[in-house]
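Colleague: Before I ask anything, let me first share the structure, which is written out below as structure tokens.
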Amino acid sequence: MKVENTVIFLHNLFGGPIAKDDHRLTPLQMCIYTTTVIGTSVAFFTLCLFDLHRMLYSRDLVLSVIDLLMLLGIATTVLAIQSSAVIKHLTKSRVSIFQCLDDIDAHLYTLNVGGEPTHNLSRNWLVAALGAIVISLAYLLAIALRINQANTLIFAFKAYGMFVIFLMDGMFLVLCYQIWQRIRCMVVHLGKMIASFKRQNKRSNNSDKGNVSLRFCRDLQTLAIVQWQCFRACNRLNDECGLSNVSIFGMFFYVLTAKSFQLFYICSIEFKRHGFTFTHLLEPTVLIIAVFLYFFTSAYLGEMVLRETQLVINNLHKFESMHTTSQHKINQSELVEQLGNQIVHQPICFNVINFFQIDLKFFHLVMASVATYLIILLQFDFQN
């Protein structure tokens, strides 16, 4: 838990939208603190704007425009991440995502699966923090040979923005992974119930069958509560990270499109004009790899949540098909039907303010759009 608290402290230090312990600071204090962080970022960005005239057209118009839009995209994303923290405390959210996960674990404990979802939780938080640090350091190393007196502040702001953005996205991925693990616990427990039900049918002791059937009814009721808690946790996560995710995925789309074109531009047109410059290839390469990995991981986790939910429904159908007409079985059938309807009407999925759903279909759509816009850019005659 120390690792988790450290990561959350770093996130709150830069004004992230997720806080674990709201009781340590009052909403007014947190609002003032986050507003101060936003003011610092705005002042930092304003200082960068004073240096733009020195470097904007120092080398090439196309590359300067790409860098300028990248700087504006990072500033917008950082502002969205920090502003969402203020909005969260102004709206006074009822419960945090961490409280939702604790409630789920409390009910899973009654199903004898306590502790399984939080397995390696500290390692997940550590990976999220190290990922943001490594990407920020890799970006600094990629641009180290290009830093001079004119662009020091601009590159420093970009590195700072990269850390804030990828730390926020890393925390989002960790929380998505935790929700996915809890849904998997539902699938595993339903599988155990099916196996136990098969063994029960082979027994001849009716009293034992009655006791097992009562236990099945209690487990189904608990699973219904767990499913509702997972739905609430997913909605809480979507609400808390919605504004920041809009900016993050928008910046991801721009990086994949513009930086891919920048690689082509440097390797073709710039090569003819100024010769091959290896240092100008490092920055877009690092950004493309980092953004692609984070974007694919987000889509993969969203897809796995959808698939695990479908497995829950499949196991429910399998469990219901094994029933007979006894009174206990009729009660179980009603609970199975109730849980199935609850899953259908309260689907668990990750979305961005209901604009789009995060899954592999969304990943395919974005990559197809990136390819389309990249082809359009490549058709322009930038040499003239």
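Any Cβ shown, glycine's included, is placed from N, Cα and C.
As annotated by TrEMBL, transmembrane segment applies to 32-50, 62-81, 125-147, 159-180, 246-269, 281-301, 362-380.
Mind running through what each feature is packed against?
Modeller: Counting only same-chain residues 6+ beyond the ends of the transmembrane segment (62-81), those with a CB under 8 A from a CB of the stretch are 14-17, 38, 41-42, 45, 48, 52, 55-56, 154, 157-158, 160-162, 164-165, 168, 243-244, 246-248, 250-251, 254-255, 258-259, 261-262, 265-266, 270, 280, 382.
Sequence-distant neighbours of the transmembrane segment (246-269) (same chain, 6+ residues past either end, Cβ-Cβ under 8 Å): 62-63, 66, 69-70, 73-74, 76-77, 80-81, 165, 168-169, 276-277, 280-281, 283-285, 287-288, 291-292, 294-295, 352-353, 355, 366-367, 369-370, 373-374, 377-378, 382-383.
Taking Cβ pairs closer than 8 Å, the transmembrane segment (281-301) reaches residues 135, 138-139, 141-143, 146, 166, 169-170, 172-173, 176-177, 180, 249, 252, 255-256, 259-260, 262-263, 266-267, 350, 358-360, 362-363, 366 in its own chain, all 6 or more past its ends.
Sequence-distant neighbours of the transmembrane segment (362-380) (same chain, 6+ residues past either end, Cβ-Cβ under 8 Å): 249, 252-253, 256-257, 260-261, 264, 295-296, 299-300, 302, 356.
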Colleague: Report, as numbers and ranges, every residue of the chain located at least six residues beyond the transmembrane segment (159-180) whose Cβ falls under 8 Å of a Cβ in that stretch; write 'none' if there are none.
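Modeller: Long-range Cβ neighbours of the transmembrane segment (159-180): 7-8, 10-11, 14-18, 44, 74-75, 77-78, 81-82, 97, 101, 117-118, 121, 124-125, 127-129, 131-133, 135-136, 139-140, 230, 233-234, 237, 241, 244-245, 248, 251, 290, 294, 297-298, 301-302, 304-305, 308, 348, 350.
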